[in-house]
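Here's what TrEMBL has on this protein:
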- C145: active site, nucleophile (ACT_SITE)
- H261: active site, proton donor (ACT_SITE)
- H261: active site (ACT_SITE)
- 1-23: signal peptide (SIGNAL)
Amino acid sequence: MVSRSALLALVALLAVGLAPVSARQLLDADEVEKAALLPNGGYKNDKPLIGILTQSCHYCPGRSYVAAGFVKWIEAAGGRAVPIRFYTSDDELHRLFNAVNGMIFPGGLTDIWLDDPYVIAARKLWTWAKEANDAGETFPIWGTCLGFQLLHILEANVSFPDLLVRTNSVAHASILEFTDAAAESTLFAGAGKALMDKMASPEYNITMENHMFGLPPPNYKKYPILEKTFTILSTTVDRNGIEYVSTAEHKHYPFYATQWHPEKPPYEFGMHEIPHSLDAILVSQHLANVFVDKARYSSHKPESHEEELVMLIYNTKPYFTLKDSVMDPSYDGPDMTYFFDSKTDVPDNALAAPHRLSTSFRNRVYQPNGDAALRSSWSEY
Ligand SMILES: *[C@@H]1O[C@H](CO)[C@@H](O)[C@H](O)[C@H]1NC(C)=O
Ligand SMILES: *[C@@H]1O[C@H](CO)[C@@H](O)[C@H](O)[C@H]1NC(C)=O
């Protein structure tokens, strides 16, 4: 039986097809009718906007940055990126939250102490997201690497040295050891057994780890709130046999966390350890689709078409940072990077450096005691 709305939509579509309307009218009619034609009736939008929380950067032409891989990752799944500055005013943060359909807490290089401005901004977005979901809205959050850690830090409300341990897993293409929960999880249920078997196999190593710290599974028991709120979907061991949680999803909210980097295989080529096989790309695309599709169930939207245009990342020109050494010299940075807001203390010639200076990030030493040293050297991808 054909539903009344589908029938109306069909009639409208035929009318649009027959009438000599202008392009602008076509666009409007298209948008209205598409909503009625969407599958399963649950979608609230079909062009989701995804906020990406920017991170501060030093020795770079801007006050904060976003790695372009995250932008392209969501674009491949039909989303569009909106940079959200962590230092923006509360009013602006809230306005943007109401305009986007989901958030990414990306991997990167920034302090994640509970009182850091970055964590404070993330906590606001995360709290609003919980409230929105509680109120019947759908608002997904994705955390990659440092974002994975951030989602756990926010939930446990403990400082990162309490939660994380040092791991030897920088530039490490590895595997996921799935838990029993993985097969039925939101993230992996649709991935297919064949691809999951490859993710779990050291003959493939298609999941890219790149971090100096990890969350050991026993810490889910040490902070029982984690066990109550997150389901561990996979663990991974580092080069020294230290086990850490590599994938988790929230039990009550559409919040997803990977310690590894699904966005890197299709979009990052500077670090030679990154896998680029078809299987690695399929894993990346699968997870982008799961996440961005959640965002289609969000009814948030910009206040106007003008606001939508202004907030899109397309207003910013990405730099080819793999070629031009504009990041902190010790940072094995993204291939392409967006920078936001000017920083007057950056010399003009910072952009002119011929190549990336070093890969010394890999050799950095973690100082477990001495907050000051840790603060200045804390970093995570
Ligand atoms: C988080 O912990 C701090 C103390 O470290 C406390 O002041 C604050 O109220 C806690 N926040 C929540 C939401 O529990
Ligand atoms: C995958 O990684 C493991 C552990 O690092 C290693 O032993 C194995 O040789 C790797 N597999 C391939 C195909 O490189």
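Placed from the backbone N, Cα and C atoms, the Cβ positions cover glycine too.
Keep in mind that what you see is a predicted model, and the values were worked out from it rather than measured.
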Neighbouring C-beta atoms (10 Å sphere around the C-beta of the residue listed as 'active site, nucleophile'): 25
Rounded Cα-Cα span from C145 (active site, nucleophile) to H261 (active site, proton donor), Å: 7
Number of Cβ atoms other than its own within 10 Å, given for the residue listed as 'active site, proton donor': 28
Coarse DSSP state, helix versus strand versus coil, of the residue listed as 'active site, nucleophile': coil
For H261 (active site, proton donor): DSSP state (helix, strand, coil): coil
